[in-house]
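J.: Quick one: the structure is below, and I'll ask about it shortly.
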Amino acid sequence: MAAQLLEEKLTCAICLGLYQDPVTLPCGHNFCGACIRDWWDRCGKACPECREPFPDGAELRRNVALSGVLEVVRAGPARDPGPDPGPGPDPAARCPRHGRPLELFCRTEGRCVCSVCTVRECRLHERALLDAERLKREAQLRASLEVTQQQATQAEGQLLELRKQSSQIQNSACILASWVSGKFSSLLQALEIQHTTALRSIEVAKTQALAQARDEEQRLRVHLEAVARHGCRIRELLEQVDEQTFLQESQLLQPPGPLGPLTPLQWDEDQQLGDLKQLLSRLCGLLLEEGSHPGAPAKPVDLAPVEAPGPLAPVPSTVCPLRRKLWQNYRNLTFDPVSANRHFYLSRQDQQVKHCRQSRGPGGPGSFELWQVQCAQSFQAGHHYWEVRASDHSVTLGVSYPQLPRCRLGPHTDNIGRGPCSWGLCVQEDSLQAWHNGEAQRLPGVSGRLLGMDLDLASGCLTFYSLEPQTQPLYTFHALFNQPLTPVFWLLEGRTLTLCHQPGAVFPLGPQEEVLS
């Protein structure tokens, strides 16, 4: 308390801080040397406290005694170490600006201040007592600690749950892998048995057929030898000059027996395969059918799984001459992912497209707003043929010029054949419709879902074919094609279109604008 009173007596009345280089006026009042000179420059030479004029010609003199006292006060008296004062403020802490004890906390500047700061720099700031500010901060820290502990408890619980789920996934994956391995082992074993049995049956049938062929060959050789001997004997008789001998021996000459028909060999491919051919076809169909394999997602997702090779065009045991002639210009095509509507999902190396209810997201600038997709290849010259398999009716097949609109312009759900720059065939449940320039021609329906498209740019013909159960032309467009043509398709929700490929056929690898000749 005495030290605080002493500091108040040693405070300059102008700056309210401890004297700095103290000087004494003739009236007896003391001030900082710099403070009094600044005061006189602004207010005239007079004492700031008693207003006594300062005589002209007099000089300010430094108060040596007061300066010594200030040095002792600033150094501070030596204190004996006492008990730990606890977590309160350090009583020796002083304001770095004014050298006075820190008594308040300035919330505006976020620091401890002295009494001088409160009447000068922090006069308009929000202030609080040190103990009150400490209580407030302690409450905030305790609340933060409680929230942190709750988060730690929650994180530990989530970590335990995550470990539990990971363990369950590992166990489930092991069980599934074991089950799948067992099923595939049984399937492979059954296939191996069927394979061995089928090969053995074919080998037995081949051995029997070849043995029959050898018997027939031996019979024919014996007959050939008898015929040769008979011919040789006839030539000998013809050279006989004695008429009596000729007549007698010619009567004794016996011709060889009749040859008889060739016995058909007991070999029938259909009989050898039997039900195995149908079984293998159904099995391959189940394995290659989209979504039938174990673990396939119920709905399409954005991931890109490893795809199996695309389907090949079905080759019947006997191909009609018309279709075999069309195959001479066969083209292996792929769908263009950029043009696909946002509800279309491509698979099998872009050979198959499916219309799903779930959207892949917003479409790109080159995608159709309508339920359509086009191929990645286009044609400007030459003769081209391709085949498409539809899962059901309500699909449209066609070709178009590059300027086919991507957006919906009218009431129709597609724009294939609705204008002058496209030609299309709409496959409905009970009929067909050939569309061009907004006009449609109704045609009888077809039962098969395998269709062919033949484009002859030189003659200006676009012909659609039905390939099941037999090959027959459906409709032919005649036009003067003067721009590149791109195959384009429309399909209803739930429908699937597959571009069939032929081994050895031309497979254009260029971009969409590539011109094939």
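Counting starts with 1 at the first residue shown.
Cβ coordinates are placed from backbone N, Cα and C, and glycine is handled just like the others.
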J.: According to Swiss-Prot, which residue among Lys45, Lys206 is annotated as ubiquitin cross-link?
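T.: That would be Lys206, per the ubiquitin cross-link annotation in Swiss-Prot.
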J.: To the nearest whole angstrom, state the Cα distance for the pair Lys206 (ubiquitin cross-link) and Ser185 (phosphoserine).
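T.: Taking the Cα atoms only, Lys206 (ubiquitin cross-link) lies 31 Å from Ser185 (phosphoserine).
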J.: Return the count of C-beta atoms lying within 10 angstroms of the C-beta of Ser185 (phosphoserine), excluding that atom itself.
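T.: Neighbour count, Cβ to Cβ under the 10 Å cut-off: 10.
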